[in-house]
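Report on the structure given below.
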Amino acid sequence: MLHMNSLWGCFLFVLLAVTGAVQGLQEDYSEYAVYRFTSDNYSTLVRDVIAPLTDDYDVWTRSNNFIDIKLPKEIGEQINDGQVIIDNMNELIQNTLPTSQMMAREQAVFENDYDFFFNEYRDLDTIYMWLDLLERSFPSLVAVEHLGRTFEGRELKALHISGNKPESNPEKKTIVITGGIHAREWISVSTVCWALYQLLNRYGSSKKETKYLDDLDFLVIPVFNPDGYAYTWSHDRLWRKNRQRTHVPQCLGIDIDHSFGFQWEKAHTHACSEEYSGETPFEAWEASAWYKYINETKGDYKIYGYIDMHSYSQEILYPYAYSCDALPRDLENLLELSYGLSKAIRSKSGRNYDVISACKDRGSDIFPGLGAGSALDFMYHHRAHWAFQLKLRDTGNHGFLLPPENIKPVGKETYAALKYFCDFLLDPEI
């Protein structure tokens, strides 16, 4: 315990030293608001109503019943059907960033609360230091995997978590968990970190977690988009894509979740679009690095389950995203598992997570291409027998700017779903 306290004490010292240093002058969104349109017709609303007025729009989320879009206020006021749901964007942005008061509070609670890491959102350097600390704290359970480098030269890190060496049980099923594919979805990053910490911290003291790590392998990537995530801290809290160059010099970034090489489509949008898929499959460096890694290690990991964390809208999405005409294999069991995940969350926190086909969520049934090249479809079709995307809290009051006091509640409810998922993979008859 002394060794553990020493490690965490050093981590806190570094954390307090660097927190705030990575925060830059944020993009000003005082002239923008988020509008909710009660329409399920994406094509009519965006292509026929909004696009003729401006190309400065950003679709935050879409569902069967509504579409949330960030617009300049002067444009939003010209569209009668929209209801303002977020008007104070700069204030909400600041509320997601750590403060000096928070740092003082963390120093005070450290001795009695190792969960202090989850009191606030954390920048990329801090998260990477924390992953390295976990490897040192749990050397028999954790190995940091280096998947490759991003366009800006940052490492793409994963944690391999297992209670015993793969050669002792070569048939162990592997669960892959990813977060932060879209840079601004900070709650997805914190939620993945919460899950991996619970698995490690409870090993040996909880029968369930001990069984999970002894009988399953986990590959966990908390920040799938390191460049974009770092940029949300230093420049623009609402940045979505990665940061690589495109064929249009003034337009940086590819949407990683449109870059995977299953049912990929060449971009129909301008390179400046938030959903720009690039000019070739796997053009996004992060998607390419992951593809190369899982091919090189396919003899080491038998990937059986995949959970991709996103925000927002409180939904559990199942394949396929690219088309509503393509039926997934084993649909009945896939739906049963989806509703089981939703029930586990509801039992834990009372929150309702709707179960929806990813194609409906993406709007692929209305405008083909919106769900092309997704990580969900790629992993489901090529690697994982079971694959889901979880869109976390909330349902629109804060959108991507969920206050940090939600980190632990979201972590707890989502971890309940992960435990259900693990139980299912170990015993499909539950």
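Glycine is no exception: its Cβ is also placed from the backbone N, Cα and C atoms.
For the recorded site, His310 (Zn(2+) binding site), the DSSP three-state label reads strand. Look at Swiss-Prot and you will find His182, Glu185, His310 tagged as Zn(2+) binding site, backed by sequence analysis.
Within 10 Å of the C-beta of His258 (substrate binding site) there are 30 other C-beta atoms, taking all protein chains into account. For the recorded site, His258 (substrate binding site), the DSSP three-state label reads helix. Feature annotation from Swiss-Prot assigns substrate binding site to His182, Ala183, Arg184, Glu185, Arg240, Asp257, His258, Ser311, Tyr312.
Residues or ranges marked as disulfide bond by Swiss-Prot on the basis of similarity to another entry: Cys251-Cys272. Counting Cβ atoms from all protein chains shown, Cys251 (disulfide bond) has 15 others lying within 10 Å of its own Cβ.
According to Swiss-Prot, the feature domain 'Peptidase M14' maps to 120-425.
Under the heading N-linked glycosylation site, Swiss-Prot lists Asn41 (among others), citing sequence analysis as support. Under DSSP, Asn41 (N-linked glycosylation site) is assigned to coil, being neither helix nor strand in the three-state scheme.
Taken from Swiss-Prot, the feature N-linked glycosylation site applies to Asn295 (among others), supported by sequence analysis. According to DSSP, Asn295 (N-linked glycosylation site) sits within a helical segment. When other Cβ atoms within 10 Å of the Cβ of Asn295 (N-linked glycosylation site) are tallied across all protein chains shown, the result is 10.
Positions annotated as signal peptide by Swiss-Prot, on the basis of sequence analysis: 1-24.
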Candidates His258, Cys272, Tyr312 (recorded positions) with Cα within 10 Å of Glu185 (Zn(2+) binding site): Tyr312
Euclidean distance between Cα atoms of Asn295 (N-linked glycosylation site) and Arg240 (substrate binding site), Å: 27
Taking residues His182, Ala183, Arg184, Glu185, Arg240, Asp257, His258, Ser311, Tyr312, which bind substrate in the record, the widest Cα spacing (Å, whole number): 18
Cα separation, Cys251 (disulfide bond) to His310 (Zn(2+) binding site) (Å, whole number): 24
Distance from Arg184 (substrate binding site) back to Cys272 (disulfide bond), taken between C-alpha atoms, in Å: 16
Cβ-Cβ neighbours of His182 (Zn(2+) binding site) (radius 10 Å): 24
